[in-house]
Amino acid sequence: MSKKINKIGVLTSGGDAPGMNAAIRAVVRACSYYHLECVGVYRGYQGLIEGDFEKLDARSVRNVINRGGTFLKSTRSLEFKTKEGRKKAHDKLTEAGVDALVVIGGDGTFTGGVFFSDEFNFPIVGIPATIDNDINGTDYTLGYDTALNTVVEAIDKIRDTASSHNRLFLVEVMGRDAGDIALNSGIGAGAEEILIPEEDAGVERMLESLKKSKAAGKTSSIIVVAEGEKSGKNIFQLAEFIHEQDESYDIRVSVLGHIQRGGSPSCFDRVLASKLGVGAVEAIMDGKTKVMIGLHHQNVVRVPLETAIKGEPKVDKELRRVADITSV
Ligand code: F6P
């Protein structure tokens, strides 16, 4: 029989993502609703090791639903990757009387959570939060929708210059090894071509698309390049490569960078965060551990953390088809 839960800890770890604050809020408010104590852990797993805790109640999370970043702060802790680090973290949790932990983050966060839960038989529930949308078993991760809107807004602005000066713009977006941000924002912003890590034929297809665009009378073009795409060239080398093939192009490069991680979360991310936060507390109350709370076909689901971190690179073929048709 699982242990009775009285106190739940919550932390954010890895790269920050818009919606993390809304998720913390939902966890804290769900604890309050179910008469459980809640403890915030600052600076992710590093704060867990150092016992950097603070009691949170329903009023502690006022005015945070609309804020980007994470008020609990975040780190990528190297010490937590060691057994000694995890032992210190367990000691601190025991001292503070914390019975279970909600970890909000991406695959690194979940991997740490699995190790910790296995070693100390400690209940851990994950909430997927990363702009990359690269977690298995959930249709969306927190922050992804907001990042997409940020990227589309930025490319809309770039398009003004591209079109005024008849230029070709290469725009680099984040996503680590996943092309979700690139593919979706590329369609949303009307890009002529999209390079993603999951496809090898990217560069050849890009040159082909550019030729076709020219032949079709287009005077400016936008190519969205995922940071992890596999041409072996960085975005500036790609620009040079295109120029070597056709010197008539007036090419500019724009690397969007960390603006994609910031800003007020979209309504979608706030609602998702609220559903997942409540779902996480309810999963702990049901005696679940080592599960991620995700969203699949509009339903809140519980997915084993091991499954969540086993994502295989995959391309949404329908999205690729739509991108090809709409960029003619
Ligand atoms: O995982 C989120 C992410 O923003 C990736 O898209 C990107 O590759 C990485 O984090 C950047 O990490 P950092 O902020 O540590 O440079």
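Glycine residues also receive a Cβ, built from the backbone N, Cα and C atoms like all the rest.
Curation plays no part in TrEMBL annotations; they are all automatic predictions.
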Record says Arg25, Ala26, Val27, Val28, Arg29, Gly190, Ala191, Glu192, Lys218, Thr219, Ser220 bind ADP. Source is TrEMBL. Which of Arg43, Arg159, Arg176 does it list for that same site?
Arg159
May I ask you to find which of Gly15, Gly19, Gly175 TrEMBL records for the ATP site already listed with Arg76, Ser77, Gly106, Asp107, Gly108, Thr109?
Gly15
Based on TrEMBL, name the residue from Arg252, Arg270 that is recorded for the same substrate site as Thr130, Ile131, Asp132, Arg167, Met174, Gly175, Arg176, Glu227, His258, Ile259, Gln260, Arg261.
Arg252
Cα distance, Arg261 (substrate binding site) to Thr109 (ATP binding site), nearest Å?
17
Residues near Arg25 (ADP binding site) in space but at least six apart in sequence (CB under 8 A):
Val61, Val64, Ile65, Ala273, Ser274, Gly277
Extra residues within 8 Å (Cβ to Cβ centroid of Gly15, Arg76, Ser77, Gly106, Asp107, Gly108, Thr109), ATP:
Ser13, Gly14, Gly44, Gly105, Thr111, Gly112, Thr130
Under 6 Å from ligand 1 by C-beta, which of these binding-site residues make it: Val27, Asp132, Met174, Arg252? Sequence order, please.
Asp132, Met174
Around the C-beta of Arg252 (substrate binding site), how many further C-beta atoms are within 10 angstroms, looking at every protein chain?
15
Binding-site residues near Arg261 (substrate binding site) (Cα-Cα within 10 Å), from Gly15, Gly106, Thr219:
Gly15
